[in-house]
Amino acid sequence: MASLLQGRLPVNQDVLLMQKGTLMRKVRSKSWKKLRYFRLQEDGMTVWHARQVGGRAKPSFSISDVETVREGHESELLRSLAEEFPLEQGFTVVFHGRRSNLDLVANSVEEAQIWMQGLQLLVDFVTSMDQQERLDHDWFQRGDKDQDGRMSFQEVQRLLHLMNVEMEQEYAFQLFQAADMSQSDTLEGEEFIEFYKALTKRAEVQELFENFSADGQKLTLLEFVDFLQEEQKEGDRASDLALELIDSYEPSDSVSPPLHTLGKLRHVLSVDGFLSYLCSKDGDIFNPACLPVYQDMTQPLNHYYINSSHNTYLVGDQLCGQSSVEGYIRALKRGCRCVEVDIWDGPNGEPIVYHGHTLTSRILFKEVVATVAQYAFQTSDYPVILSLEIHCSWEQQETIAQHLTEILGEQLLSTTLDGLLPTQLPSPEELRRKILVKGKKLRTLEEDLEEEEEEELESELEREQEAGLELEAQSEAETQELSPRSKDKKEKKSTPIMCPSLSTLVVYMKTVSFHSFTHSREHYRFYELSSFSETKARRLIKEAGNEFVQHTAWQLSRVYPSGLRTDSSNYNPQELWNAGCQMVAMNVQTAGLEMDICDGLFRQNGGCGYVLKPDFLRDTQSSFHPERPISPFKARTLLVQVISGQQLPKVDKAKEGSIVDPLVRVEVFGIRPDTTRQETSYVENNGFNPYWGQTLCFRVLVPELALLRFVVKDYNWRSRNDFVGQYTLPWTCMQQGYRHIHLLSKDGTSLHPASIFVHICIREGLEGGES
């Protein structure tokens, strides 16, 4: 396998020196700083470490796990140790998902540069590899226990257990011998690939192919068009699409000898091309048309669901967890558009951010602002909302306003877009690359704009006086006339709760207390918004669901987790979305079902953090009630045939000999009557290519609000079934027909090549079935 990548692996002086190994300091905290020997393996794909040079080594990380490499000055931990270690000698390895960063300090600037440049070179290389190359390499590395670049039959047997394959030894040996072209009793490079191909033949795909192929060898253009129309429900575009798909997925040199010179030129599809299509983004259950920004982004902000984070600074629990700017980096990079900042008085006149009255650690507010400025628009160009919870003195509020203004600069929205009083909230499109402040405000937006106008007129009058115009008396009269609230101004000289310089930075997001929906309608303005605890929001949905829907059609609302969730657990956001709540704040540091649902909704529309609400949640006269929808709505019947699974990962990697007993659970989340789940039976001892062939039926009243979650579990009769993988998506982004569902880990990272193969059929109206 080493020979397979040898020609492509980028080898330069940095990589060669990394393969010789380097003694570096691993840093976990100000007090935990230990020397470790790090060495890049010969394969160029894995880094091992040992306590000392020549000591017993163990895997540290795979290059495919690394997202990026940061310089030392970008790490808040390394910055805190700058007096002990020069920042130029430090660097940070950032991993995909929620895995903690790895902070390292080299013995010299040169050694740090070698590792930073070498790692980034390899990360870029892995990113450029296609998934099959990466997969072949990963499996070989896991199976080649002695790392000699060859795999014996004994190692192959071990690999089969790692791959969740239970196979008779005699049959496994036949496959091994067939692939061992060199007759060396080992598999190398291309031999392993042939063995792997023999293992992964798909009988159910072959059968489907033959159902539409007249000769069982190929699909003609017309046969493929029939398949796309009848099964994949592609409609009128099937003919053009068929040509595009053949061009994209038919191998240039088909594996099947009769088709060696055909394929693309003859507009036919071999079984290999057919399988490539089914496993691609075009054959995915998620409609590729929903991947880019495809929704209307010119409607008022209150017409969108907004990806929102709660206590963003925390990367752990709510009582003793660590506060870190890394929380903001991760939230913004995963598409959050509303992040929360709890600000308190800090030492030396500098405001700090932490969860007040707890043992959580503290970080400087100005570091949070600098981090937001750097990462706000790396994932999405649409506006970021800073939800400020301010508990500071007047002086430190002034400092907050100063940091926001100076650090964010042009990114900060400090007045209305055109300087005039608007009649509705601006759109995400109008607010591109702008950062909005959400918080308390001393006055109304009207008063702010009026004062700005007064100040402009006063400045103009002063300029006229300086020019020698004798308008003193008139000027004084005009100034008095333009200041009808002079009495109010005198009264406001007493210290207000909030300093004016900070108050004026709140433009479209003034927070106000909620009393009742009637009170809000009669006393509040469209740019004011209220926050609700999850408990209060749920109660209001039950008591006045339709009023809540009408309220969120004209005014923004934010929902936050209960204070009892000290472990940073989450609530189900779906029932709040059903009422039109825009900012349903989540503890994004905590993986699980609730975050799967949140990620599922915001996976669409370019992952930009804004999703347009259904039209019945944007109508201030809407009759929709999230608990009791008027029937029939746009009811549908969903039939999910769960066909097979592919290369499902082991749940407990510590148990080398154990093999999963997989089952598939399909869950629907939506309005209460639509929320349900069903599951298949389990397949015993087969995680490699389990077959179910079972159909599940769901009746859905309001599909526009529904999300589907496909979960693979490892059956365990003694306890709860163990989680294997999942994938969640909106109903509106689901493709019909034969589709693959590519599974994600509990952390939301890809489990490639793990997938399940299904057939999706949606029918109008309600038919029989469990719900």
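Along the chain as shown, residues are numbered 1 onward.
Quick reminder: no glycine exception, Cβ is built from N, Cα and C everywhere.
Straight from TrEMBL, the features:
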COMPBIAS  447-459  compositional bias 'Acidic residues'
COMPBIAS  467-479  compositional bias 'Acidic residues'
COMPBIAS  484-494  compositional bias 'Basic and acidic residues'
DOMAIN    16-124  domain 'PH'
DOMAIN    131-166  domain 'EF-hand'
DOMAIN    167-202  domain 'EF-hand'
DOMAIN    502-618  domain 'PI-PLC Y-box'
DOMAIN    618-745  domain 'C2'
REGION    447-495  region 'Disordered'
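The average per-residue pLDDT of the prediction over the domain 'EF-hand' (167-202) is 84, rounded to a whole number. With DSSP states grouped into helix (H, G, I), strand (E, B) and coil, the domain 'EF-hand' (167-202) comes out at 22 helix, 2 strand, 12 coil. When the domain 'PI-PLC Y-box' (502-618) is classified with DSSP, helix, strand and coil residues number 50 helix, 23 strand, 44 coil.
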